[in-house]
Amino acid sequence: MNSSRTRVAVIFGGRSNEHSVSCVSAGSVLSNLDPDRYDVVPIGITVDGSWVLGSSDPSSLAISGRALPSVDKDGTSVVLSADPTREGEVISFDGSDAGAVLASVDVVFPVLHGAYGEDGTIQGLLELAGVPYVGPGVLASAAGMDKEFTKKLLAAEGLPVGVQVVLRPGIATLTEEQKAELGLPVFVKPARGGSSIGITRVSNWDGLDGAIAHARLHDPKVIVEGAIIGREVECGVLEFPNGDVKASVVAEIRMPDADTDSDAFYDFDTKYLDDVCEFDIPAKLDESVSDQIRELAVRAFKALDCQGLSRVDFFVTADGPVINEINTMPGFTSISMYPKMWNATGIDYRTLISTLVDTAIARGTGLR
(Lines of atoms letter the chains of each structure in order from A; the text may use other names.)
(Lines give C-alpha, C1' and ligand atoms only; values in the text may rest on other atoms or scores of the structure.)
Protein backbone atom coordinates (compact mmCIF):
# COMPACT_ATOMS: atom_id res chain seq x y z
CA MET A 1 0.00 0.00 0.00
CA ASN A 2 1.08 3.59 -0.70
CA SER A 3 1.17 5.39 2.67
CA SER A 4 0.54 8.77 1.01
CA ARG A 5 -2.96 7.65 0.08
CA THR A 6 -5.96 7.27 2.33
CA ARG A 7 -6.62 3.76 3.62
CA VAL A 8 -10.33 3.00 3.64
CA ALA A 9 -11.77 -0.04 5.39
CA VAL A 10 -15.01 -1.09 3.71
CA ILE A 11 -16.98 -3.19 6.21
CA PHE A 12 -19.89 -5.25 4.91
CA GLY A 13 -22.11 -8.27 5.52
CA GLY A 14 -23.03 -8.41 9.19
CA ARG A 15 -25.43 -10.26 11.44
CA SER A 16 -28.65 -8.66 10.23
CA ASN A 17 -31.22 -10.05 7.83
CA GLU A 18 -29.94 -7.46 5.34
CA HIS A 19 -26.57 -9.24 5.15
CA SER A 20 -26.78 -9.94 1.41
CA VAL A 21 -27.94 -6.44 0.51
CA SER A 22 -24.94 -5.09 2.41
CA CYS A 23 -22.64 -7.34 0.37
CA VAL A 24 -24.12 -6.09 -2.90
CA SER A 25 -23.83 -2.47 -1.76
CA ALA A 26 -20.20 -3.04 -0.78
CA GLY A 27 -19.43 -4.47 -4.21
CA SER A 28 -20.63 -1.24 -5.80
CA VAL A 29 -18.68 0.89 -3.31
CA LEU A 30 -15.50 -1.11 -3.96
CA SER A 31 -15.99 -0.59 -7.70
CA ASN A 32 -16.28 3.16 -7.26
CA LEU A 33 -13.61 4.04 -4.72
CA ASP A 34 -11.10 6.12 -6.65
CA PRO A 35 -7.98 3.93 -7.05
CA ASP A 36 -5.84 7.05 -7.48
CA ARG A 37 -6.80 8.28 -4.01
CA TYR A 38 -7.52 5.26 -1.85
CA ASP A 39 -6.08 1.97 -0.71
CA VAL A 40 -8.88 -0.37 0.32
CA VAL A 41 -9.07 -2.88 3.16
CA PRO A 42 -12.24 -4.97 2.65
CA ILE A 43 -13.57 -6.51 5.86
CA GLY A 44 -16.49 -8.90 5.74
CA ILE A 45 -18.63 -9.88 8.73
CA THR A 46 -20.22 -13.32 8.53
CA VAL A 47 -23.84 -13.91 9.49
CA ASP A 48 -22.66 -15.23 12.86
CA GLY A 49 -20.49 -12.17 13.48
CA SER A 50 -16.96 -13.29 12.58
CA TRP A 51 -14.75 -10.62 11.01
CA VAL A 52 -12.59 -11.70 8.06
CA LEU A 53 -10.51 -10.03 5.40
CA GLY A 54 -12.89 -9.95 2.49
CA SER A 55 -12.49 -10.04 -1.25
CA SER A 56 -11.72 -6.79 -3.05
CA ASP A 57 -13.23 -8.27 -6.22
CA PRO A 58 -16.65 -6.61 -6.62
CA SER A 59 -17.93 -9.45 -8.81
CA SER A 60 -17.80 -11.81 -5.82
CA LEU A 61 -20.37 -9.60 -4.10
CA ALA A 62 -22.90 -9.41 -6.94
CA ILE A 63 -26.35 -10.96 -7.21
CA SER A 64 -26.22 -13.94 -9.58
CA GLY A 65 -29.68 -14.66 -10.95
CA ARG A 66 -31.70 -14.87 -7.76
CA ALA A 67 -28.74 -16.07 -5.67
CA LEU A 68 -27.64 -13.54 -3.06
CA PRO A 69 -24.01 -13.13 -1.98
CA SER A 70 -22.74 -13.64 1.56
CA VAL A 71 -19.53 -13.47 3.57
CA ASP A 72 -17.95 -16.84 4.37
CA LYS A 73 -15.19 -17.65 6.85
CA ASP A 74 -12.52 -18.51 4.28
CA GLY A 75 -10.61 -15.27 4.79
CA THR A 76 -8.13 -14.35 7.50
CA SER A 77 -9.88 -13.70 10.82
CA VAL A 78 -9.32 -10.11 11.94
CA VAL A 79 -10.33 -7.57 14.55
CA LEU A 80 -10.29 -3.79 14.45
CA SER A 81 -8.61 -2.53 17.59
CA ALA A 82 -10.92 -0.47 19.82
CA ASP A 83 -7.85 1.13 21.41
CA PRO A 84 -7.53 4.66 19.97
CA THR A 85 -3.78 4.66 20.57
CA ARG A 86 -3.51 1.81 18.03
CA GLU A 87 -4.76 4.23 15.33
CA GLY A 88 -7.10 2.02 13.34
CA GLU A 89 -5.06 -1.15 13.37
CA VAL A 90 -6.59 -4.19 11.70
CA ILE A 91 -5.10 -7.13 13.58
CA SER A 92 -4.90 -10.78 12.54
CA PHE A 93 -6.76 -13.21 14.74
CA ASP A 94 -5.55 -16.29 12.85
CA GLY A 95 -3.32 -19.06 14.18
CA SER A 96 0.39 -18.34 14.22
CA ASP A 97 -0.19 -14.86 12.79
CA ALA A 98 -2.49 -13.85 15.65
CA GLY A 99 -1.58 -10.37 16.83
CA ALA A 100 0.07 -9.30 13.58
CA VAL A 101 -0.97 -5.86 12.36
CA LEU A 102 -2.22 -6.27 8.80
CA ALA A 103 -3.07 -2.63 8.13
CA SER A 104 -3.80 0.68 9.79
CA VAL A 105 -6.87 2.37 8.35
CA ASP A 106 -7.60 6.09 8.19
CA VAL A 107 -11.36 5.90 7.76
CA VAL A 108 -14.11 3.28 7.69
CA PHE A 109 -17.01 3.02 5.25
CA PRO A 110 -19.47 0.80 7.17
CA VAL A 111 -21.66 -0.45 4.32
CA LEU A 112 -23.81 -2.30 6.83
CA HIS A 113 -27.60 -2.36 6.71
CA GLY A 114 -29.86 -3.22 9.62
CA ALA A 115 -29.07 -4.46 13.12
CA TYR A 116 -25.49 -4.60 14.39
CA GLY A 117 -24.35 -2.11 11.78
CA GLU A 118 -26.76 0.65 10.86
CA ASP A 119 -28.19 0.99 14.37
CA GLY A 120 -25.36 2.74 16.21
CA THR A 121 -23.46 -0.39 17.26
CA ILE A 122 -20.61 -0.28 14.73
CA GLN A 123 -20.58 3.50 15.10
CA GLY A 124 -19.98 3.10 18.84
CA LEU A 125 -17.06 0.76 18.18
CA LEU A 126 -15.52 3.22 15.74
CA GLU A 127 -15.95 6.09 18.20
CA LEU A 128 -14.11 4.02 20.81
CA ALA A 129 -11.38 3.26 18.28
CA GLY A 130 -11.08 6.90 17.28
CA VAL A 131 -11.45 6.02 13.59
CA PRO A 132 -13.51 8.38 11.40
CA TYR A 133 -16.39 6.74 9.56
CA VAL A 134 -18.90 7.46 6.84
CA GLY A 135 -22.44 8.22 7.94
CA PRO A 136 -24.30 9.38 11.03
CA GLY A 137 -23.06 8.93 14.58
CA VAL A 138 -24.34 6.68 17.34
CA LEU A 139 -27.45 8.64 18.31
CA ALA A 140 -28.69 9.38 14.80
CA SER A 141 -28.00 5.83 13.63
CA ALA A 142 -29.89 4.31 16.57
CA ALA A 143 -32.83 6.71 16.24
CA GLY A 144 -32.98 6.34 12.46
CA MET A 145 -33.04 2.55 12.73
CA ASP A 146 -35.99 2.51 15.13
CA LYS A 147 -39.20 3.51 13.37
CA GLU A 148 -40.89 4.40 16.66
CA PHE A 149 -38.29 6.96 17.67
CA THR A 150 -37.73 8.26 14.16
CA LYS A 151 -41.35 9.36 13.99
CA LYS A 152 -41.37 10.70 17.54
CA LEU A 153 -38.35 12.90 16.84
CA LEU A 154 -39.65 14.09 13.48
CA ALA A 155 -43.09 14.85 14.92
CA ALA A 156 -41.48 16.79 17.78
CA GLU A 157 -39.86 19.02 15.15
CA GLY A 158 -43.22 19.61 13.49
CA LEU A 159 -42.50 17.42 10.48
CA PRO A 160 -45.38 15.52 8.82
CA VAL A 161 -45.46 11.81 9.69
CA GLY A 162 -48.09 9.07 9.53
CA VAL A 163 -50.00 7.35 12.31
CA GLN A 164 -48.38 4.35 14.01
CA VAL A 165 -49.00 2.01 16.92
CA VAL A 166 -46.08 0.34 18.70
CA LEU A 167 -46.46 -3.26 19.85
CA ARG A 168 -43.73 -3.94 22.38
CA PRO A 169 -42.81 -7.46 23.51
CA GLY A 170 -45.70 -8.90 25.48
CA ILE A 171 -48.36 -6.90 23.62
CA ALA A 172 -50.01 -9.42 21.33
CA THR A 173 -52.18 -7.32 19.04
CA LEU A 174 -54.07 -4.06 18.52
CA THR A 175 -57.00 -2.95 20.64
CA GLU A 176 -60.31 -2.20 18.95
CA GLU A 177 -59.71 1.51 19.57
CA GLN A 178 -56.33 1.30 17.83
CA LYS A 179 -57.87 -0.52 14.89
CA ALA A 180 -60.46 2.23 14.57
CA GLU A 181 -57.75 4.91 14.68
CA LEU A 182 -55.58 3.25 12.03
CA GLY A 183 -58.27 1.95 9.68
CA LEU A 184 -57.49 -0.45 6.85
CA PRO A 185 -55.21 -1.25 5.19
CA VAL A 186 -52.26 -1.21 7.59
CA PHE A 187 -48.61 -2.11 7.22
CA VAL A 188 -47.08 -4.33 9.90
CA LYS A 189 -43.31 -3.92 10.20
CA PRO A 190 -40.38 -4.93 12.37
CA ALA A 191 -39.58 -1.74 14.29
CA ARG A 192 -35.86 -1.95 13.55
CA GLY A 193 -35.56 -3.42 10.09
CA GLY A 194 -35.00 -2.40 6.50
CA SER A 195 -35.11 -3.52 2.87
CA SER A 196 -38.84 -4.22 3.42
CA ILE A 197 -37.97 -7.53 5.11
CA GLY A 198 -40.71 -8.82 7.41
CA ILE A 199 -43.33 -6.32 6.23
CA THR A 200 -46.92 -7.34 5.50
CA ARG A 201 -49.75 -5.29 4.05
CA VAL A 202 -52.94 -6.19 5.93
CA SER A 203 -56.24 -5.48 4.17
CA ASN A 204 -58.44 -7.49 6.55
CA TRP A 205 -58.14 -7.65 10.33
CA ASP A 206 -58.23 -11.46 10.11
CA GLY A 207 -54.68 -11.29 8.77
CA LEU A 208 -53.32 -9.01 11.50
CA ASP A 209 -52.09 -11.59 14.01
CA GLY A 210 -50.25 -13.57 11.34
CA ALA A 211 -48.58 -10.39 10.10
CA ILE A 212 -47.50 -9.50 13.64
CA ALA A 213 -46.06 -13.00 14.13
CA HIS A 214 -44.19 -12.68 10.83
CA ALA A 215 -42.72 -9.30 11.79
CA ARG A 216 -41.66 -10.71 15.17
CA LEU A 217 -39.48 -13.25 13.42
CA HIS A 218 -37.25 -10.25 12.77
CA ASP A 219 -37.83 -7.97 15.77
CA PRO A 220 -39.75 -8.42 19.05
CA LYS A 221 -40.94 -4.82 18.74
CA VAL A 222 -43.46 -4.30 15.94
CA ILE A 223 -44.90 -1.19 14.32
CA VAL A 224 -48.38 -1.06 12.80
CA GLU A 225 -48.82 1.89 10.47
CA GLY A 226 -51.93 3.24 8.86
CA ALA A 227 -51.59 3.14 5.08
CA ILE A 228 -50.84 6.48 3.44
CA ILE A 229 -52.44 7.01 0.04
CA GLY A 230 -50.09 8.85 -2.25
CA ARG A 231 -47.18 8.72 -4.65
CA GLU A 232 -44.04 7.11 -3.24
CA VAL A 233 -40.97 9.31 -3.61
CA GLU A 234 -37.48 9.55 -2.14
CA CYS A 235 -34.87 12.26 -1.64
CA GLY A 236 -31.18 11.95 -0.86
CA VAL A 237 -29.36 14.18 1.62
CA LEU A 238 -25.59 14.67 1.51
CA GLU A 239 -23.23 16.51 3.83
CA PHE A 240 -20.07 18.01 2.36
CA PRO A 241 -16.67 18.34 4.06
CA ASN A 242 -17.30 22.04 4.78
CA GLY A 243 -20.51 21.16 6.65
CA ASP A 244 -22.97 22.20 3.94
CA VAL A 245 -26.02 19.91 3.70
CA LYS A 246 -27.85 19.57 0.40
CA ALA A 247 -30.74 17.56 -1.00
CA SER A 248 -30.78 15.67 -4.30
CA VAL A 249 -33.47 15.71 -6.92
CA VAL A 250 -36.61 13.84 -5.91
CA ALA A 251 -37.23 10.38 -7.39
CA GLU A 252 -40.50 8.50 -7.73
CA ILE A 253 -41.00 4.73 -7.51
CA ARG A 254 -43.86 3.42 -9.62
CA MET A 255 -45.23 -0.07 -9.09
CA PRO A 256 -46.65 -1.28 -12.42
CA ASP A 257 -49.27 -3.46 -10.64
CA ALA A 258 -50.37 -0.82 -8.14
CA ASP A 259 -53.57 0.01 -10.01
CA THR A 260 -54.66 -3.62 -10.40
CA ASP A 261 -53.16 -5.31 -7.33
CA SER A 262 -54.25 -3.65 -4.10
CA ASP A 263 -51.67 -5.63 -2.10
CA ALA A 264 -48.69 -4.59 -4.25
CA PHE A 265 -45.94 -2.67 -2.46
CA TYR A 266 -42.21 -2.06 -2.75
CA ASP A 267 -41.03 -5.24 -0.99
CA PHE A 268 -37.65 -7.02 -0.91
CA ASP A 269 -38.12 -9.07 -4.09
CA THR A 270 -39.40 -6.04 -5.97
CA LYS A 271 -36.40 -3.98 -4.84
CA TYR A 272 -33.61 -6.43 -5.53
CA LEU A 273 -34.71 -9.44 -7.59
CA ASP A 274 -37.68 -8.88 -9.87
CA ASP A 275 -36.71 -5.71 -11.76
CA VAL A 276 -40.33 -4.70 -12.35
CA CYS A 277 -40.48 -1.21 -10.82
CA GLU A 278 -40.28 1.94 -12.86
CA PHE A 279 -38.50 5.06 -11.65
CA ASP A 280 -38.75 8.71 -12.55
CA ILE A 281 -35.54 10.53 -11.68
CA PRO A 282 -36.34 13.36 -11.27
CA ALA A 283 -39.94 12.76 -10.26
CA LYS A 284 -42.64 14.35 -12.38
CA LEU A 285 -43.89 16.71 -9.70
CA ASP A 286 -44.65 20.39 -9.62
CA GLU A 287 -41.47 22.30 -8.86
CA SER A 288 -42.99 23.71 -5.69
CA VAL A 289 -43.75 20.19 -4.40
CA SER A 290 -40.24 18.96 -5.21
CA ASP A 291 -38.75 21.96 -3.43
CA GLN A 292 -40.95 21.26 -0.40
CA ILE A 293 -39.81 17.62 -0.30
CA ARG A 294 -36.16 18.63 -0.56
CA GLU A 295 -36.59 21.12 2.28
CA LEU A 296 -38.34 18.52 4.45
CA ALA A 297 -35.59 15.97 3.72
CA VAL A 298 -32.90 18.34 5.00
CA ARG A 299 -35.02 19.21 8.05
CA ALA A 300 -35.46 15.50 8.82
CA PHE A 301 -31.70 14.96 8.45
CA LYS A 302 -31.03 17.74 10.95
CA ALA A 303 -33.85 16.71 13.31
CA LEU A 304 -32.14 13.35 13.87
CA ASP A 305 -28.72 15.03 14.05
CA CYS A 306 -27.51 13.02 11.06
CA GLN A 307 -24.10 13.39 9.48
CA GLY A 308 -22.78 12.35 6.10
CA LEU A 309 -25.85 11.04 4.35
CA SER A 310 -29.40 9.81 4.52
CA ARG A 311 -32.27 8.93 2.25
CA VAL A 312 -35.69 10.20 3.25
CA ASP A 313 -38.78 8.38 1.96
CA PHE A 314 -42.08 10.20 1.45
CA PHE A 315 -45.63 9.78 0.28
CA VAL A 316 -47.04 12.71 -1.66
CA THR A 317 -50.69 12.90 -0.63
CA ALA A 318 -53.52 15.24 -1.55
CA ASP A 319 -52.66 17.21 1.61
CA GLY A 320 -48.93 17.38 0.92
CA PRO A 321 -45.80 15.28 1.51
CA VAL A 322 -45.65 12.91 4.49
CA ILE A 323 -42.36 11.43 5.72
CA ASN A 324 -42.46 7.65 5.86
CA GLU A 325 -38.92 6.72 6.94
CA ILE A 326 -35.33 7.92 7.05
CA ASN A 327 -32.51 5.59 6.07
CA THR A 328 -29.13 6.50 7.56
CA MET A 329 -27.13 4.05 5.42
CA PRO A 330 -29.10 3.70 2.20
CA GLY A 331 -28.36 1.01 -0.33
CA PHE A 332 -25.42 1.49 -2.68
CA THR A 333 -26.23 -1.30 -5.14
CA SER A 334 -26.22 -0.63 -8.87
CA ILE A 335 -30.00 -0.18 -8.73
CA SER A 336 -30.18 1.77 -5.46
CA MET A 337 -31.98 5.08 -5.51
CA TYR A 338 -29.52 7.09 -3.43
CA PRO A 339 -26.60 7.09 -5.92
CA LYS A 340 -29.04 7.38 -8.83
CA MET A 341 -30.61 10.51 -7.35
CA TRP A 342 -27.23 12.13 -6.83
CA ASN A 343 -26.11 11.19 -10.32
CA ALA A 344 -29.21 12.96 -11.67
CA THR A 345 -28.32 15.94 -9.46
CA GLY A 346 -24.86 16.16 -11.03
CA ILE A 347 -22.67 14.12 -8.66
CA ASP A 348 -21.51 10.85 -10.19
CA TYR A 349 -21.04 7.68 -8.14
CA ARG A 350 -17.26 7.98 -7.75
CA THR A 351 -17.47 11.63 -6.69
CA LEU A 352 -20.27 10.75 -4.28
CA ILE A 353 -18.15 8.08 -2.58
CA SER A 354 -15.15 10.44 -2.37
CA THR A 355 -17.34 13.17 -0.88
CA LEU A 356 -18.62 10.80 1.81
CA VAL A 357 -15.10 9.69 2.72
CA ASP A 358 -13.76 13.26 2.75
CA THR A 359 -16.66 14.39 4.94
CA ALA A 360 -16.03 11.56 7.40
CA ILE A 361 -12.36 12.52 7.73
CA ALA A 362 -13.19 16.21 8.12
CA ARG A 363 -15.71 15.41 10.87
CA GLY A 364 -13.49 13.09 12.87
CA THR A 365 -14.73 11.32 16.02
CA GLY A 366 -15.57 12.24 19.59
CA LEU A 367 -17.75 15.10 20.84
CA ARG A 368 -18.29 17.63 18.07
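We number each residue from 1, going along the chain as drawn.
For all residues, glycine too, the Cβ spot is worked out from N, Cα and C.
The ATP binding site annotation in Swiss-Prot covers 179-234, and the record cites sequence analysis as its basis. Around the Cβ of Thr200 (ATP binding site), the same chain contributes Phe187, Val188, Gly207, Gly210, Ala211, His214, Ala215, each under 8 angstroms and 6 or more positions distant in sequence.
If you look up Swiss-Prot, you'll see Asp313, Glu325 marked as Mg(2+) 1 binding site. Contacts of Glu325 (Mg(2+) 1 binding site) defined by a Cβ separation under 8 A and a same-chain sequence distance of 6+ are given as Lys147, Thr150, Val312, Asp313, in order along the sequence.
Under the heading Mg(2+) 2 binding site, Swiss-Prot lists Glu325, Asn327.
Annotated domain 'ATP-grasp' per Swiss-Prot: 151-358, in sequence order.
Long-range Cβ proximity for Lys179 (ATP binding site), meaning a same-chain Cβ under 8 A and a gap of 6 or more residues, is found for Trp205. Residue density at Gly193 (ATP binding site): 24 other Cβ atoms are found within 10 A of its Cβ, drawing on all protein chains shown. Mean model confidence of the domain 'ATP-grasp' (151-358) amounts to 92 (pLDDT, 0 to 100 scale). Cβ crowding, taken as the number of other Cβ atoms within 10 Å, peaks at Val186 among the binding-site residues Val186, His214, Lys221, Asn327.
Here the CA atom of Asn327 (Mg(2+) 2 binding site) lies 18 Å from the CA atom of Lys221 (ATP binding site). When secondary structure is read from DSSP and collapsed to three states, Glu325 (Mg(2+) 1 binding site) falls in the strand class. Other Cβ atoms within 10 Å of the Cβ of Asp313 (Mg(2+) 1 binding site) number 20 in total over all chains.
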